Amino acid sequence: MSKKPAALIILDGFGLRGETVGNAVAQAKKPNFDRYWNEFPHQTLTASGEAVGLPQGQMGNSEVGHLNIGAGRIVYQSLTRVNVAIRDGEFEKNETFLEAMTYAKENDKALHLFGLLSDGGVHSHIQHLFALLKLAKKEGLTKVYIHGFLDGRDVGQKTAKVYLKQLEEQIKEIGVGEVATLSGRYYSMDRDKRWDRVEKAYRAMAYGEGPSYQNIYDVVDDSYENGIYDEFVIPSVITRENGEPVAKVNDGDSVIFYNFRPDRAIQISNTFTNEDFRSFDRGEAHPKNLHFVCFTHFSETVDGYVAFKPVNLDNTVGEVLAQNGLKQLRIAETEKYPHVTFFMSGGREEEFPGEDRILINSPDVATYDLKPEMSAYEVKDALVADINADKHDAIILNFANPDMVGHSGMLEPTIKAIEAVDECLGAVVDAILAKGGHAIITADHGNADVLITEEGKPHTAHTTNPVPVIVTKKGATLREGGILADLSPTLLDLLGVEKPKEMTGTSLIQK
């Protein structure tokens, strides 16, 4: 039986902007894209910042883009999720935080705050520490100690004193908190099982062992004098005038670890929480029975409470298609294959019933500017054959070229990449239209639209520019103000499938 497939075609890294200088998207000859743009209803979508669950003004990326597209809802990344919770007042109602604080207060125990001391926003954000200090004050805690991990990697390599100053001012203003230890993230945030490093951080925090200082700034100055910058500062103990450590982590204390990214938080957390820990000798007096809180789910091996539990991504587009008995195809070359499968399915590896996948190998070249067409022609050939064989009701396709070649920051190869993709796009969309089907032509974020910086240097990063959306349905009208989360509801709409309640995005096709 002849199928009338609906396809979601993602031109990866294909952003739109008016200025043509350094803009491969604007400079490329793309007769097929232009033809569909002129012939069919079209709009632009926001693919960056809070519209995709990132902080305001932050550029999108392929993982985040495909996650939002497949989920049909804004998927808040951890940083934004915590920021929004602080902004909306949900943070101070968080039961996991309140339980840790109540426990400390009722049992006359200390609260220790562990985490990376910067505003890098990759592993942590210093504003989250300040929010915890405010909450601790509100809850009437007095014994609150900070074990700060110095960054120098996601921020400038000699910026520790900037953050220590901010912390000092906040402690003064809020009226609670003392710095107990400082260590470079090289030690406290190792993820490569270099346990000798972790042990140094642990012994400073649990036993008060290591270089000692009365003044937090002396830790940094001393290190700088020895050519040791923030990331590598040796775990150091802050002491009172009598030489005693300000605080050690003791039996039964509360801990809140405010890093939200798990990978570099797991080892030090295991050291404090794991009964069966054997990676080094923690000593007889190691702190036991801690009320340990992780900001997000770090790992099954970490014995702790989780403040921001994983978000459930049920009823992504693939699951909805499967529930409705529709056959679906995911197709891309190697570079973007995980995006149309794993990320599009909300972080699920396995196929849904009725889901087929075609992986086309990306070319074996050092960098893709050497072969701008990549494997687009092979992707196109495989897909056109599939369309003509009437196998699938829904198709999700990614052309990697504008993004992967765009990362070279080289204009000419990126123009060639887009011209190759345009040729393939024409063959695919025309095959779909010939079957009476529909295509949604769009992108996940910008990149190829800016290849030269204002200083005239190569620009290799993503952009915050809007992305196109074309729906090949004559007579339809697309609404303005759309976001990536609206694409799956639009695909379901074309297939006559009702979107599930979990999808808060809405079809772009105006009724």
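Backbone N, Cα and C atoms are what each Cβ position is placed from, and that goes for glycine too.
Under DSSP, Ser62 (active site, phosphoserine intermediate) is assigned to a helix (H, G or I) in the three-state scheme. The active site, phosphoserine intermediate annotation in Swiss-Prot covers Ser62.
Positions annotated as Mn(2+) 2 binding site by Swiss-Prot, on the basis of sequence analysis: Asp12, Ser62, Asp444, His445. Taking a C-beta cut-off of under 8 Å and a sequence gap of six or more, Asp12 (Mn(2+) 2 binding site) has these contacts in its own chain: Ser62, Lys336, His339, Asn398, Phe399, Ala400, Asn401, Pro402, Asp403, Met404, Ala443, Asp444, His445, Asn447.
In the three-state DSSP reading, Arg264 (substrate binding site) counts as coil. If you look up Swiss-Prot, you'll see His123, Arg153, Asp154, Arg185, Arg191, Arg261, Pro262, Asp263, Arg264, Lys336 marked as substrate binding site.
The feature Mn(2+) 1 binding site is assigned by Swiss-Prot to Asp403, His407, His462. For Asp403 (Mn(2+) 1 binding site), other Cβ atoms within 10 Å of its Cβ number 31.
For Tyr36 (phosphotyrosine), the same-chain residues 6+ apart in sequence whose C-beta sits under 8 angstroms from its C-beta are His42, Val429, Ala439, Ile441, Ile470, Thr472. If you look up Swiss-Prot, you'll see Tyr36 marked as phosphotyrosine.
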So around the Mn(2+) 2 site, Asp12, Ser62, Asp444, His445 aside, which residues have their CB within 8 A of the centroid of those CB atoms? Ile10, Gly13, Ala47, Gly60, Asn61, Gly65, His66, Lys336, His339, Asp403, Ala443, Asn447, His462
Neighbour tally for His445 (Mn(2+) 2 binding site), based on other Cβ positions within 10 Å of its Cβ: 28
Between the C-alpha atoms of Asp154 (substrate binding site) and His462 (Mn(2+) 1 binding site), the distance in angstrom, to the nearest integer, is 18
Have a look around Pro262 (substrate binding site) and count the other CB atoms within 10 A of its CB, chains all included. 18
Would you work out the biggest C-alpha to C-alpha distance among His123, Arg153, Asp154, Arg185, Arg191, Arg261, Pro262, Asp263, Arg264, Lys336, the residues that bind substrate according to the record, and give it in angstrom as a whole number? 32
